[in-house]
Structure formats: C-alpha cells, structure tokens
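Swiss-Prot annotations:
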COMPBIAS  311-327  compositional bias 'Polar residues'
DOMAIN    185-223  domain 'LRRCT'
REGION    249-282  region 'Disordered'
REGION    300-327  region 'Disordered'
REGION    945-986  region 'Disordered'
REGION    1167-1213  region 'Disordered'
REPEAT    101-122  repeat 'LRR 4'
REPEAT    150-171  repeat 'LRR 6'
Amino acid sequence: MSNSNRKEITGLNRMTPKGLKELCKKDKLYQTPRLNDVLYLHYQGFQCIESLEEYTELKCLWLECNAISEIQGLEKLSKLKCLFLQNNLITKIENLDPCRELDTLNLSSNHIRKIQNIGTNVLPVLNTLTISSNYLKDSESLSDLIQCKTLSVLDLSNNRIDDILIVKIFEQMLNLKVLVLQGNPVVSRLPQYRKTLILACKELTYLDSRPVFPRDRACAEAWKRDGYEGERKENNRWNRAERRKTRESINCTIRMRNSHRPPDQQDPLLRSSDSEDDTCAETARKKVALENGCVDDLWEEVSGEQPISEDGTNSSSSLEDNDGTSSQDDLIAEKLSNRRTLEGRPTVLYETEVSNVKSANNDINIFEEGVGKASQIIIEDKPVTKIKLINEPSCMNDKSAMNCTSMGPVVKENDFDEDAEIKNVDDMVPCQNLIKSNEDINSEFGFSSKLKQDFDQTCTALRNDAECKEFDEELTIKESESKPFNEMYDIFAAEDDKLNETLDLNLNETTCPHHVHDNFFSEQNKMPSFYEEDIMINLLPKTKEKTLLEKDSIIENEKCAHDLDEMGRQMEEDLAELRQSTQNLIGISIDETARTDSETDEEDLIAQQDPYSPLLKQQFKDRRMKIMLTEETKAQEESLSDRNIALSNESDQDDKQDQLFAKILDDATENIPKRIFGTGCDALSSVWPQEECLLQLTLPENKESPAQEDTFKKSITNSTSFEKANEICVRMDQKMAEEEEALGKLLHDLEGEINNVYDINTKVKYEENTSTNESDAVSICTSLLDDIIVGLTFDEVLCHEKPKSFEFGLIESDEEFSYSFEPKLEKLVPPALEDPARGKSLRECLDTFSDFVSSMADPKLPVMLGRNPTSGVEKIRAAQELLKTKNLSDLYKDTAESLNSQVAKEIEKRKRRVAASATRCFNQRDKYDDTLELVENRLMIVKKDSGDLEELPPPPPLISDTESEDDNPTEDNYTPGNEVHRHGTKTQDSKEHLMSNLLNQNQDDIIEGKKNDSAEDEFYSLEAMTTFGNLDAEFFQKLDLQKVNASEDSEPAINCMRSYNELQAYMKSGSLNTQLNSEEAEMLQTMCSRVASDVDKPKSQNSKEEEEDDLLKKMVLRMKEYEEREHQLQLISHETSSELGPIKLSIGGSKLFEQNTKIPESVLVHSENEPTRNNKPINTKNTNDKESSDIMEKNGDPSVTTSFKTSHKSIDDDIQSDVSTDYESGEEVVVVEPPTLSEAVLKSFYSDEFEADSKMVHELEEATRRNLRRYNPNIMHISTSNHPFSTNNILPTKTSTSELSEGAKAKWAKIAERLHEFLDPETIANLNKEQFGESDECEDSQDDNITDITVEETNLKKDTKLVVLEEYNNTHTCDGNSCPSKLDDSDQFASLKGFEKIKETPTHNMGLSSVMSASQNKTSETLPNEIGNKITDFSSFKTSSTDLINSEGVKTEQIQCNLQILSDEGDVVVEELSVNAQVSSFK
C-alpha cells in the first residue's frame, strides 16, 4: 500500500486532452478548448508541454512548478501574451518563434546558462523578462539582451553574474526602465554601483529595491561631472529647494491665519536661516552689480521686494515685504546655480501699499466718487528718480480683499461646443459681497490725494519706460543691457492701450470727455533721467578680468531679458483675463456701434499680445460673436420694456460702472494669474495642457431665456405631436428587429459550424425581446446521453451492480460552466474511510481499518465503523469546534500594547525577585566569610571586622518539589528531622539520654529560628543551598571532632557523628546481624510505649481517623504474635533451605495455574467497603525510610524489626510520589531528631559513602535472590483453614507433584507449538538459551501484574538501607490452641491497607525473615481473583521451589489467554491472539 502511494505521489504525469479538460472543469473554465484564454497547469507534475493544439486562443499559460525540461508544443499558441515557466528544469530558451505577441516571460528558478532566442526578431513585443535564480555568469551569457529593443523590465536577481562589462550591455538597452540585479556578485564589484547604472541607463526609473528619483539622477550626473564635491553641491541645492518650498507653504499658512487676526496679534513669517543661501545670494548680487547696478533693482521689482518709500506713510515694512525678502535670496541662488530658463511665475507682481483696510476702502470709494463727478481725467507728469511700479500693501487684510476681488469669473474662448457654459458661482459670491461692502462704505469716507499721487507716479513711470524703445545706438554692453527692457516696455505700452480701451468702455455713457491714451504718451521725446546717468562712453582699455566680468554680466543680462520676456507673456494673459472679467461685470453698452468698434480694437490688441496661439484667437472670436448675438437679443427685449425698467437699468449701469472702477483698481494692484487646479504651479503658461487652459478661464453665468435656447438648440421632435413620436418608435423597433435578425442568423451559422466538431451547450441571452435557435438541441442531447451511458458502463464494471436512478443537472452554457452538478452515485469507499487520518490518532486509524477489513471479510458481523471516538479525539474535536465559534473573538480582546505591558510587568517583578534573592544570598555570604571557632565547646561564628560571637543559624527546613494534597493534620506536623537513621550501632552509654537531648535541642533550635528576622528565614531556599554548599564543606573540613573536649553541650553532636561512622562501618562490612544491648532494648521499649500512648490520644472527631486508629492498635497487638512465630521460623529456615530448580519459559501475562482458596464472606464484604486503590507499588524508598523510623520491639528479640503505616486516599494515587513529600502516616510516632545541622552538611556526609552503600545494597540483593532460589524439601504441610491469613496471603512452599508437573509441561508444549506464529525464530532461540533465573527482571517487566519478587527487588534497588519486615510463613506448624484463637481477628486484619500479601525471604545469616509489600489494593470486586492470580503466576514461573500445595482436591478449568503482538517501536498493536488452555489446580 505504501509503495503504491509513493509511486502516485512522486510519479510524473503527461498532458492529455482528457486531463486538460478535467483541469478546466476543476478551474471552472470552458470545456471547449478554443474558448479559453487562460489555462492553469501548475503543480501538476508535467514533464513536457503537449496536447495544446486545440487551445489556440490562449493568452496566458501557467506552467510553473512542474518538471518541464524543454520549451516545446507552443506552435499553435500565436496569441499567447504571458508565459510562466518558473520552477522547472529548463536549460535552454528555444521554440518561442510562434508566440509573436508574447509580452511577459517568466523563467526564474530554472537551469538556464545563456539568454538567447528572445530578440526583437523572435519576440518583437517582449516587455518583461524574469530570469532570476538561474546560472547566468558573465556578459557573454547576457549579450543577446542587446537585441531586445522593446524590453523595459529585466529581473536578473540571484544569479552568478560577476562581470562588470554587463554595464555596457545595459547601456545599449534604450528602453530599459526597471532593472533588478541584487543577489549577484557584480553588485559588490562595481564601484559606485547605483550611480554607474543610473548614468548608463538613461531611462531607468527603478533599480533593485527602490525607484530612481530625479534627485538621484541629478546627483549622479553632478558626480560624473565634478566628482564628490559636485555631488555634494547638487545635493545641497536640492535640500535648499525643499526647505524653501516648505518655508513658503508655512508662510502661506501664516498669512491666511493672520488675515483673520488683528494687527497686534499677527505672527511673523519665517525667514531663511541658511547661511549658504545668504552667501550665494550676496555673491550673485555683487557680480551683477559690478556691471549694471540696475539689475538688483530689477530683480527686486520682479520678486516683489521694494525699498522703503520716500513718503512717510510706509516707514514700517509689511508682512508681505518680509516674505519677499526672505524668498529673494533663495530665488537668486536657485536661478544662478541652475542656469536654466526661468520656470513659473512670480507669486506677487504688483501690490499697493496702504496703511490698513480702512484707509484702502476709503481711498477707493472717494476716488470712484471723484470719477463720477469729474468731467475729465487729467494725469500730470512728475519726475521719478527710479522705476517704481506700485507699492505693496502693509497689511494682509488688504491683500485678502484684493484676492477676493480678483477671483471673479473670467471668460476665455475655447473649443467646446457652442452650448457649453462653465459657471463659477462660488467665485462670484465673494466678489459680490466685496462690491456691496465697498458700496456701503462709499458714503463714509472722503477723497484721498495720496492714492491719486501714487497712480500718477505709476503712469509716469510706464510712459518713461515706453520711451526707452527709441534708443538706437551701437551694439555695446549698454545696448545689450537695455534690449530686454525695451521689449518689456513695448509690452507695457500695449497694456496701457488695453487699459485705455477698458476705460473708454467703462466711461462711455458719461458725457465727460477724456483722453487717457494721449496723456500716457505725450512726452515721447523726453529722455528719462533714469538712463542719463548710465550712458557714458568708456574709452579706456579693458583688462582681462574686466572683460571676463563683462561677459558674465552679458550672460546675466540675457538671462534677465529671457525672464522678462516670459513675464511679459504672463502679463498679456493676465490683461486678457482682466478684460474678460470687465466685460462680465459691465456687460455690453446700449450703443452697439461703439461696442462693435471697441470689440474690433480688442481683437487687434489680442493679435498683438498673443501671436503664438492662433487657435485661441479664433476661439475668442467665435465666442465673442456668440455673445454679441446674445446681447443683441437682450437689447431688443429691453427696447420693448417699460421706460421705468429702462431707467432702472440705467441706474444699474451706473452701479456696474462703480463696480468696474473698483475692480480695475484691485486688478491693477494684484495681477496674479488665476490658475485653479493642476500640479506644476511653476510651469509656464505656454506649456499648460489644453484641457487645463480651458478650465482656468471659466465662462460667465448667463441666464438665457427660452427664446435664446431655441436659437442654439433645436429639439428633435415636437413633444405635443404623438404621431411623430410614434413614427420614431416604430422606426427604431424596425431597426432593432433587423439587427436582431442579422445577429440571430450569424449565431445560427456559428453554432452549426461548432456543433460539427464539438459537443456544446449554448443558450443565447438577451435583455430585451429575444429569439433563440434550438435546431441542434437533438444532437446536443444525443451527445450528452452518450457521455452518460459511457460513464455508467464504466461505473457498472467497477461496482458490479447497476445504479437505480440518476439525476441530471441543469444543462448550462459554457458561460455558466457546464456540469455543475455531479451525479449521485453509490461510493465505493465507505464514508468513514474517505479521510481516515483527519483528526484521528494512529490507533484510531488502525482500528478503523481493521473494522473495515473485518466487515469486508465477514458481512454478517455488525458494522463497527461508526464507533465513538476516544476521549483524546473528542477533546481535539471540541477544541476545533471552539476555534470556529463566534465568541472566540472575545478571547483576543487584548491588544499588543496591553500584552506587552503585562509582559513588562512580569519581567520587572521577576527582576525584583531575583535582585532580592541575590541580596539575601550575598548578605548571608558575608556571614560565611567570617571564621568558625569553638568557644566553650560550642561552635560560634566570629565576625571578621568586629570580632563578635554569633550563634550558628538553624538548619534549613526541607523544601519539596511537590505538595501533598491530603488534608491530614499529621502531615503538617512533620519535619525532616523526625527520622531515625539507625541501622545498627555499637554499644554506647546513655542512649536514652542521648535521644532526649537531641529532641530538646531540635525544639530549642526551632524556637530560636522563629525569633530570627525575615532575612534569616528567606535565606533557606533551594538557591541558597546550592550556592553555599561549598562553604558548608569548608566549615566541616575545619571541624575536627577528635580534638573537641567532651562536655555536656558537645556530647550529643559527637555521639551522633560517631553513630553515623559506625553505621557506615557496619554497611561496608555487609553484616546484617545487628545485636542490641540492654540499654538499646530499653530505649526501643520506651519508644514503643510512647507510640502506644500517642495512638491512644484522640486527634480529631473524624470517623475515618478513628477507624484508622483502631486498626493501628490491632496491628500493634498482632505484630507481637508475629514476632514469636518469626523466631520459630528462623530455626526451621536453616534446615529446609535448598537451591531452586530451573525456571521454564513463560509468556508475560498468561494465566497457566490457578489455586482457588476459600475466603470468608466477611472479608469480601469488608473489602468492598475499602476505597479503590491502584495496582502500582508505592515508592518503596520513601516507604522504607518511613518504616525505619517507626521501629517497635516488644519481645526483646534484637533480630526482628517491624513497621506499620496506613495509606490515606490521595487524588494522585496513580502518580509516584516524591521521596521527600510522600508522608502519609496516620499516627504520631516519637522520633529522635539529629543535631541542628544544615542539610548541606548532611548531604556531604552522605555523599562520601554513597558508593559503598550502593555496593552493599547490591550484595544484599544478590544474597536475597540466592536465598529465594533455594529449595526446601522438608517443609511441613499446614491446613489453610486454620490460619487467619490463609485466604489472601498463602505462599506456595513446596514443589508440585509429579502429575501436576507433567500436566504443566503438556500445557506448555501446546503453547510452544504456536510460538512461531507471533515470535520470530531468533527471539525463540534466545529465550530457549536463557535461564529463567537470569532473565527474571526482564520477564517481570513484561508481566501485567507485578509479582511479589519484583516488589521486593525494587525495594532493595531503590533503598540505601535494608529494612526487614515480619511476615507469615505458611510452612510453620501452628498448634491447635494458638491458631483458632486468631480466627476472630482475621477479617479485620485482611481489610488493612498495605497488607495485601506476605512473602517469605530466607537469608543466609539472619535466618528466615520476610518482606511485606505495601502495594495498594485493587477494586473490591477483583480482590480475591487478584490475589489468586498473583499466587498462580508466581507458582507457574517456578520462581520458588517452596510451594505449598493443598492436596485436598484438584480442579481443572478452561482458561483463555489474550496475547498482543506489538510493532518494532512497541506502540502499535500488530496482531491479537487468543490462546485457550486447560489448567488443573489443587484445592
């Protein structure tokens, strides 16, 4: 089974038409191959490309993660655009000629060593090539990339390219925009890798992991030109530009904020703090000033920086001045470093400077009133010492007001449809509000002569500038400098003409004559004093330095001329916008003749100022004609209206005139181009997109009457004519019917052609009236039925039975993915075995499979496949269901921050705890650094610094790893010192006095320990014990007990140490015969009496404890009787000991011999009331330690020691308890405590002799095992009915009779015949060679029921002390008087905990003593059988030849043995066998 699965998983597949259709069905693609444009064939194990001839319309083919080694089979895929072949075995790029439209090719993770056959002649439109993780190495392997003229994305990452000549290849790829080279050695070999590639690839926009920004390219070019210093300067220039942009945006925000604040609460604007900017600006200013001092003034005027006026009103500079000053240095540095054309427009060109909003509004309104009253506007000429445009405002409120005024709707002709209108209602609202506010203030303020004076100065300056264009001198430096100014002044003259025309339009209705144009240019021949000072002829020879300086000045002047030219164009556009806004505010005057002349003049001006855009000029003309027609219609309607309406219109025109004048003044002070949207605010207007230009100059909002709409719009039909509408509907219906008929015919032809080759389902859908052709329905149904019949025939062959019925799903079109419903057939595999391993353990999978095999082998058996899962599986499934519940989100309410805070708190708490522990340890270490000396026969601590004497600290209490869960008050009173470690001592004086002194000293130490501070108590922890163990060892090395003077205080400690040394000597010698003298016997008798007195004391009112106390009392009485019998048994053991016979082979756990015993009903009833106990043995090491402390001797026999302990029910009875915490004694025993020494000291003493102890225990264990194998032929037969323990604790002591031996051998012969069925021959041979006595431990480990010998051997291995317990021996001959007297107490004693069996243990020197097992009881129902099983197992294995057989009768029974054969790992049951046998037993 595993081989077939492995072959199926690792085997390669082939592309077949049937398999491809199945994949299309799985991916919900069309079943007709040529209808698919995408095909997913990845992760299929294909080894070659084939069977794709029918998929002619494919545009995207996925073939990654297969085993394809060659590119082939693509001859018919002429429309393929994307081919994905990554993660294959391709070694060469070939056979791509048919795919002429291939755009994307992915060949990553293959074995390609050279790029070839992908040039423009093969793949003319290849755009993306991904060939990462291959074997490309040098420039030769990449040389063919030069032929890829259209390749723009190239991924060469994670190859082996190390040739730096690849840069030349990339340099010849003109369209390369994205390049990935990371993961190649060449990246580290190329010096300045990123800059080199940026310079080599002119169109590169993305390199490796990040884009190539314009800044990166500029820095790379500077690095190539001027080295690292040039790169640094270029980088600083970009940084300054970014800082300036940020500063300007912040200043703009501050200005907007200040516009809503009073003057005293306004924030200052940010100034440039870059010293380098200031230095560059100063240097540039000095250079220009050397040749022409007026250049600085010109730059100041262009950038908006004005000096303080000679008038006294503008002595304090405004916030706008500060902004202009702060940006001037940066602007000059930027322009000089770039040496490029001036981009963008100045943010502020013309601003007026007045004191505040109140004075500005006052001047405007008074000036408008003066215009209405005056009959003529006279502009006087005044001498001006310097070119001065219009001063800046001193307050932000003025600027905001003017901005609102200038943001009105502006008209510009465009190429939209005639009916297109762009309405800018939002911009009209602030303008109307401003006009109204100006009208309200008109009556409150008077005329100001200051504003008129400024206006006159401006006009004079413009006139003087216009006269400069007539200068005609030789081509000198001065002439080159004056050339750009002349051009600018020409533009100014054109602007003045436009302004005059605007004034003519505005004041046409008034009768006041005016001649603005003549006044502007009345002094054309006058030479301005501005240039008189500069025109000087220098006849002196020029030096080389001066010549170079003049050349630089010429370059700067040319740059300024170009910039001024750009500004002139901007002014033209701004004036055109101003003109359009003026027309929107005033409209067309009543005098049509004058209006026509003004329009003609405007056209001439537009032709002069915008000669570069004839398209816009034509659009202006068309739009103007439309507006004229509209206004003519309005004029005709107005002539038919009332005279009152006409008068009101005239008053409205007067209001419009006032509004116009205010608008003119505001626009004259701020002439900012009104750009509404779009990025690149620093771009020239000449390069604006056409769509953006059309949206910048919005159309006015004109409310047209229905008559006007009829002029430009003509409805298709008459809404009141039903006949015409019906006729149109009929015509449209006919047209749709014809189209539908033609389409139906075309579809019919296509279906007829397709159905001849393929079987398809077609359903044509229409949203409106439809008609379908179903002429081929018969052929389609026939083909479907044929497919179904073939499938049914195949299923019938597999299932050997015909299905009863089939449900046909909906026949869908290819658009809806055909065959969406699978036929409901009977499944070959049962549902329980579809996915046997999901959510199941290995054992459950094997059980399910075995149930399936059994159900297939014998159909009559009940089906077991639906059995309930085990508890472990139920927990897993419950956890999976819990994960799917909706309430699970409540468990994840804790955010990452809260969890991190909790973790931080826990870490901090742990650190504090560790710090406190370390502090305590080091505090105690300071004490141990002091010296130890004997003062008056007492061990004292002498302080190093002061010399003071201190007592030794009390010994640390025993700290256990686990805690007992029993609520037993006696365990709380237990202390580690309450143990007696006396295995044997020599004769010593006053033992009773020694024990009492030790007890008193321990109590005193405990009292003194309680009085110590908390630091002393906390010191006794596990960490401190391990830390200062070496210090304790050093202390005891200094202590020499032989040199200590004997006294009352030191005598207990010295005696204790001597007793310990004597004990070690006894254990080394291996002697087990420990004789006690009279003093020791009296001491033990006293201890027994104390125990009895303690038992008599009532400890609690609990009924269970009282019952246990009664049992203990009875145990004490019985043990006295046991001691007498044991003394007699010791005499018999020497006579009847003999060697054990050979041991035969047995199979673990099988029951071959059973001896039924008669158990009184009272015992069974009493045992049913006992708590259920586990069959595992108690920790024998702890048990023996406890038993050794409870020695009781009543008869004075020095060779017999006994111990009793009751076990309380615990929750963790099945878990082996810890040695230091398994204290379950229910009685209070008087104990003798050792001297108050630390545990580390005792450990050091104990570890010194540990190896000797282990050796002694091993020898005792071997001696005990030899005694167990001895054969006792002369054991007396005793009736089991006369002994109180005959029911549960009978041990066989005599070998069976010859008939029983022959019967057992016959049964074993039958079993041995079948051993080869479940054991291999090698194992059987090893078992036959091995003696049972040698493999005793191995067989015991396989046995389910632990035998008595196993318990004894485990006790001897785990303990370092030999504990001999008394037990019954059934071979002892009881007289008739003593045995019946003990029958009354047999029931009670049989129910005691801890006494389940009694075994005999013959020894070599001591005689026969027995070891009592303290194992736990089983349930009350199986108690008799359990005892019987253990007895029979012991006898069947022939581990003892002293079996006691009751010869009253023989019982033959039929028994069954279940055997489980495990796998090699021992965790899976491979086979289960059942063995039947007949067993004869004696009654």
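First residue shown is number 1, and so on along the chain.
Glycine too: its Cβ is placed from the backbone N, Cα and C atoms.
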So if I exclude everything within five residues of the ends of the domain 'LRRCT' (185-223), which remaining residues of that chain have a CB under 8 angstroms from its CBs? That is, six or more out. 160-164, 166-168, 170-171, 173-179, 230-231, 233-235, 238
Model confidence over the repeat 'LRR 4' (101-122), as mean pLDDT, sits at 94
How do the residues of the domain 'LRRCT' (185-223) split into helix, strand and coil according to DSSP? 22 helix, 4 strand, 13 coil
For the repeat 'LRR 4' (101-122), the DSSP residue counts stand at 0 helix, 3 strand, 19 coil
Helix, strand, coil: count each for the residues of the repeat 'LRR 6' (150-171), based on DSSP. 6 helix, 3 strand, 13 coil
